[in-house]
Amino acid sequence: MPTNGTHAVMTFNPTPRQLSVIKVLIFLLALIPFVRLAYGAFTDGLGANPLEFITWNTGEWTLYFLTMTLAVTPLRRLTKWNWLVRLRRMLGLFAFFYVLLHFTAFFWFDHFFDVQEMLKDVAKRPFILVGFTAFVLLIPLAVTSTNGMVKRLGAKRWQWLHRLIYLIVPLGLLHFWWMRAGKHNFTEPLIFLVIVGVLLLVRAVWAMQKRAKEARQVRSPA
Amino acid sequence: QKLTAKANSSYVVLDKQTPYQDATTYNNFYEFGTDKSSPARNAGAMKTRPWTVSIEGEVKKPMTLDIDALLKLAPLEERIYRLRCVEGWSMVIPWIGYSLSELIKKVEPTSNAKYVQFVTVEDKQTMNGLRYPVLDWPYTEGLRIDEANHPLTLLTLGMYGEVLPNQNGAPVRIIVPWKYGFKSAKSIVKIRFVKEQPATAWNLAAPKEYGFYSNVNPQVDHPRWSQASERRIGEDGFFTKKRPTLMFNGYSQVASLYSGMDLRKYF
């Protein structure tokens, strides 16, 4: 979308060099939760139940990064900062990084790498099944995140596949909600629900507007 | 503040004791916040003196006792009990107190006293968590009269040779070691003897997940996780498997209280 002069004040268009700096900065920031966990694990700084802390914390950061990934497109439309889309892959891959840690924590601490036990647990408990499904669905998105894969799949098919995110995020949220349900502790799940709800709703509104516009154009051909 | 008590050698376990630091910083006490670390941070504001416990209901001698009276009611004993939380972790804690039955004897329950209800403190001034409708405040718990009279059931005033820290339920709480930890109500202000099974906080909040009995039972899973194993706080780390959970948390002497009962139904 080309920007016109009236938006000049809002427009910030980083040079390739600036964009690289931004990317490196975000990369380092996104690693802080991991470094904190690793440091805490070695220095006994994660409280009385470090295993539980690691499991919960990596789960929370997965949701944060998924939400940030979902926020890119609406933010880009509002600010006209088209370059924001260049950050999306990294945010999505960090979501995958943290969910991989989250799953590993579950597999390691709760089941001590016993595949059968783990799968039994997944099948038996809807709350875990939902989270596990979201994790599995995220794998193809991570695998096809490279430029080469976009080319190989073709932009249309790639986009189709990556729309899975609209299923993955609600599943992740449901998993979190369910976890808190037994303790009636809904403050954080509610905050997530509102933010993710808004991010999905604006997309729906935009899609409807687009369709309405197209319909008008069909009715009154130039 | 020190609290001296004679160790009761009938109630010891071979397991390693949980470090004091862990037992006093990893707590569920939702009146002070839902994070495990919140109670240690916030419970300091609670005033535990003066404090009275009123004992009422189906008793011949209802009475109101202050903490000093409770401390003198029977000789204090130190007992080392396992504590198993419904969330799947456990600790080993040296408690100080005496069998609740000592107190029950004094108030002389009538034949109508089939259950005992524990009502805990609800102090809006110092308990921030009360602003959230997480549970139906005040927190209440209950036992059947024979459970309450079982010698294992401990009216608890201290731990680790000291009076109870606020986050652990000062100044007086109950400890029922064969049941999940939430049955062991903290900071008790009222003990009522009643005819019908009393409402209990967690059972009201989620009746499918938390039953009235809530005996530790590795064969009956919580709907969202298995109860077959547990993680011992301060001990089971990165390189150890979770340990198996024992029936009645290892206190098999209580089994006779439930003979003929389907513990899946009465979970």
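Every residue, even glycine, has its Cβ placed from backbone N, Cα and C.
Here the structure is a predicted model, which means the values were calculated and not measured.
Listed in TrEMBL for this protein:
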TRANSMEM  A:21-41  transmembrane segment
DOMAIN    A:59-172  domain 'Ferric oxidoreductase'
TRANSMEM  A:61-78  transmembrane segment
TRANSMEM  A:90-109  transmembrane segment
TRANSMEM  A:129-148  transmembrane segment
TRANSMEM  A:160-178  transmembrane segment
TRANSMEM  A:190-208  transmembrane segment
Secondary structure of the domain 'Ferric oxidoreductase' (A:59-172) by DSSP, residue by residue, totals 101 helix, 0 strand, 13 coil
Most Cβ pairs under 8 Å with the transmembrane segment (A:129-148), selected from A:21-41, A:61-78, A:90-109, A:160-178, A:190-208 = A:160-178
Mind checking which residues reach the transmembrane segment (A:61-78)? Cβ under 8 Å, same chain, six or more beyond either end.
-> 30, 33, 84-85, 87-88, 91-92, 94-95, 98-99, 102, 165, 168-169, 172-173, 176, 192, 195-196, 199-200, 202-203, 206
In the same chain, who gets a Cβ under 8 Å from the transmembrane segment (A:190-208) while lying at least 6 residues past its ends?
-> 63, 67, 70-71, 73-74, 77, 166, 169-170, 173, 176-177
Report, as numbers and ranges, which residues of the same chain sit near the transmembrane segment (A:160-178): CB under 8 Å and 6 or more residues beyond its ends.
-> 59, 62-63, 66-67, 69-70, 92, 126-128, 130-131, 133-134, 137-138, 140-141, 144, 153, 186, 188-189, 192-193, 196, 200
So what pLDDT does the domain 'Ferric oxidoreductase' (A:59-172) average out to?
-> 95
